[in-house]
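Down below is the structure, laid out as structure tokens.
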Amino acid sequence: MRGISPKRVCPICGSTEFIYDPRRGEIVCAKCGYVIEENVVDEGPEWRAFEPGQREKRARTGAPMTLMIHDKGLSTDIDWRDKDIHGNQITGMYRNKLRRLRMWQRRMRINDAAERNLAFALSELDRMAAQLRLPRHLKEVAASLYRKAVMKKLIRGRSIEGMVSAALYAACRMEGIPRTLDEIASVSKVSKKEIGRSYRFMARGLGLNLRPTSPIEYVDRFGDALGVSARTKKRAKEILNEAIKRGITSGKGPTGLAAAALYIAALLEGEKKTQREVAEVAHVTEVTVRNRYKELVEKLGINVPI
């Protein structure tokens, strides 16, 4: 994987061994699990070659097909530079003709309402994913979900922004890169309530059977935002694993549980964080952190130092 420098050293344990997680776009320390870098973009080809012959066969010119462009990136553009094949400047009536051709090409590419709506939806999806710093493959999954919803006519009568937000939220859950509804709403043009409604409608319409998000999936991201050690994150995961085994987490929000487990783990490891700090990172209220904290401490019999 390009981008992992051999001179890089883990700031926690001093290791120089790292693992690249392509699903999450993260570089992680192989020994302690500390996230060294997030949102890493793999700029290499999506194919692999083990000999020169394979490389020659699989290499190709042009950008790969993508669901993130309304025509899947299969169209060809007339070059914006007024030059011929030899690099000479085109002048006079030929230049005017080229300009008219470009204008008609733009019009013909998006020539009906459905195409315009799809182009707008995918541009919104790209904007939101960029603001949330989500990896490219996740955007492709979200675009695929949105296109399926269009084909099944689920978009009719609903806001484009709401359904795009729902597709992005569903893609995050499918790919194991959890983002809360609050986080999606923070970059969307519609409310959290509308995103939730649109998501449930899309899930029913497309038959998406997504498992509930585990609170453990939020620990690393929340822990990094709080600046706690790898030990604290590991302890928080142990607390949550035990809580899941005993059925304590059933029916409770995963973000609140992750926040409470991190709060407890930080206290146990001597890295005290306030309930307000933890609540802000997890996008929950201090009351939620406090309630989940009490439940975990009491039901797991944890002795927390005061």
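Think of each number as a place in line: the chain as shown, counted from 1.
Heads up, the Cβ atoms here are built off N, Cα and C, so glycines get one too.
Taken verbatim from Swiss-Prot:
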BINDING   Cys10, Cys13, Cys29, Cys32  Zn(2+) binding site
REPEAT    123-206  repeat '1'
REPEAT    217-298  repeat '2'
ZN_FING   6-37  zinc finger
Distant-in-sequence neighbours of the zinc finger (6-37), which means Cβ under 8 A and at least six residues beyond its ends:
134-135, 137, 175-177, 220, 224, 229-230, 233-234
With an 8 Å cut-off on Cβ distance to the Cys10, Cys13, Cys29, Cys32 Cβ center, who else from the chain surrounds the Zn(2+) site?
Pro11, Ile12, Gly14, Ser15, Ala30, Lys31, Gly33, Tyr34, Ala230
Among all the protein chains here, how many other CB atoms are within 10 A of the CB of Cys32 (Zn(2+) binding site)?
17
Work out the three-state DSSP category of Cys29 (Zn(2+) binding site).
strand
Taking the binding-site residues one at a time (Cys10, Cys13), which has its Cβ surrounded by the most other Cβ atoms within 10 Å?
Cys10
What are the DSSP helix, strand and coil residue counts for the repeat '2' (217-298)?
62 helix, 0 strand, 20 coil
